[in-house]
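Asker: Pulled these from Swiss-Prot:
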{"type": "ACT_SITE", "residues": "102", "note": "active site, nucleophile"}
{"type": "ACT_SITE", "residues": "127", "note": "active site"}
C-alpha cells in the first residue's frame, strides 16, 4: 500500500472558488469509499479506522463502502478494523476486487448483511491464524494458547456472520481454503456477485 501511495494520481476540480486538486483516494473518500489495498498491518489499520470514524462523524446513517484487495496480514490489525466496523453506526458495505485472503476475507464477511459483494474474478481464501514466535519453551506454550484462542474466536465469528456451523468453518479453515466467488456466496462470506456497478452502490 505504501508503494502504491507513492504513485497516486491527482484529480483537479473546478468550482466557483477556483481550482482544487485532490489525490484520488481523498477524492473517493468524499464519496465514502475506502480502499484496503495490500497487506494488513498497523499502519494500514490505523488509516482505515481513522477513515471509518471520520465518515461516521460526517453522517452516521449513510453507508460507507470498503473496497478490499488484500492478501491478509496481522490478526491484531485486522481485529482493530473489524471492531471499528462494528462499533460505528454507519453501515459498512464490503466489496472484494482482486483477492480477499486470510484477514482480508475476514473483513469482507464482516460487512453489513446483504451488502457484502465480490467482483466475478475475485478470489477468496480462509484459513486458521498462524504464528512464528521463538523463545523459551514456556513462553512458546503461552503464545500457542493465545493462537488457539484467536483461532477459536475467528472461527466463531466466521460462523456467526456466514450462517454456518462452527464445526463447518473449523474443518474448512484447517488448511488453506481457496474459494471462487460462487463458492464464497454458497458459504455465506458474500451476499452477491457484482458484474456491473448498481446505481445504489458507491
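Here, residue 1 is simply the first one shown, and the rest follow in order.
Including glycine, each Cβ sits where the backbone N, Cα and C put it.
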Asker: For residue 127 (active site) and residue 102 (active site, nucleophile), what Cα-Cα distance in Å is obtained after rounding to a whole number?
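Answerer: Checking the Cα atoms of residue 127 (active site) and residue 102 (active site, nucleophile) gives a distance of 6 Å.
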Asker: Note down the number of other Cβ atoms within 10 Å of the Cβ of residue 102 (active site, nucleophile), including every protein chain shown.
Answerer: 26
Asker: State the count of C-beta atoms found within 10 angstroms of the C-beta of residue 127 (active site), not counting that atom itself.
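Answerer: Excluding its own Cβ, the number within 10 Å is 18.
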